[in-house]
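Comments concern the structure below.
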């Protein structure tokens, strides 16, 4: 049995296999074909952090596959009243076929997976957001940006950065990360990615200069400066991230056919300008839609590995 907690746990071949399956499922859906690949299966969806895209995409996805989704917030289950994660895992996993968790500390989902009898999918933790990266890379593939691409990430060294580090190191492409001083990615995760990159041929660089990162890039991406739970730091971060807005001038340093990605929600005028977000290079809504398709692919792949 396999879980989908971080891309670190998957080989390049497995990542591409899931993406190919996701593309096949997407193509079928566009033709009006909805094969019941998870007929009668139940997905338990534990949300300790709220979300728009994660809930709608997972719930729609499992229904389209012939199963059903069960939304569980902290108000609905005993986790919100202090029940240990390992107890919750041993109960819920006896009653559903798969669990998706969106939570804070990555150690929480690791503990759940340790005690779970069914596959567990990471819908987001403070350390990683792997389902989003699968959607991002599917979007890149659809635009022909998966052949030795140069990806520039500009912004906070957060869970998105960590997931980009893992994806780049596994698939062997060039990733340039630009963050303000003091906002670099987690050192342990960065070093892990560098070790994997030494085997795959990936080139990973860290800089405090957004222009250096974006120059000649095929893909430019960013994320909100203040993530959920960091609202009190919002004003300080806005000052510290001056010069890190992906505007037309910065985007103009990338290749002329470069694409712009953002996991959303986006804050116009902060991490990205209105002009770039609504411009022809922006694929943010294709990217958001691809969350649906890759998550269906992930669920089907995990379900088959369990069989």
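Cβ from N, Cα, C; glycine included.
As recorded in Swiss-Prot:
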type    : residues                                                   : note
BINDING : 51, 52, 53, 54, 78, 102, 129, 130, 131, 132, 263, 264, 291 : carbamoyl phosphate binding site
BINDING : 159, 223, 227, 228                                         : L-ornithine binding site
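A map of Swiss-Prot features onto the structure.
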residue	record	Cβ within 10 Å
51	carbamoyl phosphate binding site	16
53	carbamoyl phosphate binding site	21
129	carbamoyl phosphate binding site	26
131	carbamoyl phosphate binding site	25
159	L-ornithine binding site	26
223	L-ornithine binding site	25
227	L-ornithine binding site	17
263	carbamoyl phosphate binding site	23
291	carbamoyl phosphate binding site	25
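Using a 10 Å Cα-Cα cut-off from residue 223 (L-ornithine binding site), the binding-site residues that qualify among 129, 131, 263 are 263. In this structure, the CA atom of residue 263 (carbamoyl phosphate binding site) is 11 Å away from the CA atom of residue 159 (L-ornithine binding site).
DSSP assigns residue 263 (carbamoyl phosphate binding site) to coil in the three-state reduction, placing it in neither a helix nor a strand. Calculated from their C-alpha atoms, the gap between residue 51 (carbamoyl phosphate binding site) and residue 227 (L-ornithine binding site) amounts to 12 Å.
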